[in-house]
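According to Swiss-Prot, the protein has these features:
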- 7-293: domain 'Protein kinase' (DOMAIN)
- 13, 14, 15, 16, 17, 18, 19, 20, 21, 36: ATP binding site (BINDING)
- 132: active site, proton acceptor (ACT_SITE)
- 315-366: region 'Disordered' (REGION)
- 315-358: compositional bias 'Low complexity' (COMPBIAS)
């Protein structure tokens, strides 16, 4: 087993619940990697934390183009720490949303979503639930590839479904059954999270932002309408339902108001992902086949997905002026991809205008 001294630390990427991630360079090969330093708490003195053991075990067993690859495990310089060495991708989707300050194009969202669904379909077919799907765990490379990361909370499941700890998924992406204390859950919890991610990509901010579990479930009820036993049999028997006081009598689904401009087909997929009853929630396999992906605009090809400048940790804290410079860079980059088409359209517009001075002004739309 190699030592972390085999790598040169380049930059700090971020810190999660179960590890600190840095950008590094392999001194032998020159390859750029991501180094995840595993947090070892007081209870872990005698070994590697269970979350890290699960992550290592699962990542060694799976291989998919839309799942981040674990390259190796190395020991710390003093021998009492371990580092997980991953392939490096330049961005995570949450940082892109925060720094671009504008929603992605629908064709780009379709490309993102398809790649995510394929990764999750693969996991579920291998009896694995990720349990922590969120935009910050979706890595994006400037080659257009999206890869699912952070398997610290992932675990295998079986049939019949056994009891599993419900408080795993990050609050804003947590499904109603988990918020209400359901312990016998399965792959549907990941699909709710994907619905939350889909909504976030559409509106450019997290979809439902509760302050705690009770606030989160109340916000869900306000957005999607209060559930009942007819649409979600058994929900009122879940452990945490009795903790809810003053449930708003709000029978209407208001989700459409958040995304008024998307097509009915797009809204149908979003609605099926954010379905109360987990047994009726759409699966990853069925979502991939949804008509949303077969209507205009079609999913952007990976090769034509936009490239973004590297967002360092310090960059994320820069002032508004610098952030606007970043936005201009992105907009110029995306504009240049279709520059010739835009020029041709503008030329045609000018020709038509000059041919007939009595015509109404011809408005050019990008």
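Including glycine, each Cβ sits where the backbone N, Cα and C put it.
Features as recorded by Swiss-Prot, highlighted on the structure.
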{"residue": "13", "record": "ATP binding site", "DSSP (3 states)": "strand"}
{"residue": "19", "record": "ATP binding site", "DSSP (3 states)": "strand"}
{"residue": "132", "record": "active site, proton acceptor", "DSSP (3 states)": "coil"}
Protein Cβ atoms within 10 Å of residue 13 (ATP binding site), excluding its own: 20
Between the residue listed as 'active site, proton acceptor' and residue 15 (ATP binding site): CA-CA distance (Å): 15
Nearest of the binding-site residues (13, 19, 21) to residue 132 (active site, proton acceptor) - Cα to Cα: 19
